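I have a structure here, written as structure tokens, and I will follow up with some questions on it.
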Amino acid sequence: YDAAAGKATYDASCAMCHKTGMMGAPKVGDKAAWAPHIAKGMNVMVANSIKGYKGTKGMMPAKGGNPKLTDAQVGNAVAYMVGQSK
């Protein structure tokens with residue numbers, strides 16, 4: 001995954017929820033909120049982000065609600081967010 005390339009996707013498609021914690025999304029940079037997700041591993045996080053995920057605090061629509069994103073773009077955005085949240 002290319003975290004640097006993922007920043008643009010994050011800014012365009014992910015920040016709306018992950019910058020503010022909207023709908024229960026873990027805020028980028030909040031190590032405690034991200035820790036349980038990071039513990040599952042990148043492959044699980046990316047798969048959940050691509051297909052959608054219902055967690056205990058909310059739900060994430062498939063591809064963050066942007067079906068135009070490629071799986072690679074989603075993976076890169078996840079890598080960017082994880083890198084900012086470790």
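Glycine too: its Cβ is placed from the backbone N, Cα and C atoms.
Got these off Swiss-Prot a minute ago, pasting:
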type: BINDING; residues: Cys14, Cys17, His18, Met60; note: heme c binding site
Test of understanding: give the count of other CB atoms lying within 10 angstroms of the CB of Cys14 (heme c binding site).
26
In sequence order, which residues at least six apart in the same chain have a CB under 8 Å from the CB of Cys17 (heme c binding site)?
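Set apart from Cys17 (heme c binding site) by at least 6 residues yet with Cβ under 8 Å, we have Met23, Ala25, Met60, Gly64.
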Does DSSP put His18 (heme c binding site) in a helix, in a strand, or in coil?
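Going by the DSSP assignment, His18 (heme c binding site) falls within a helical segment, counted as helix.
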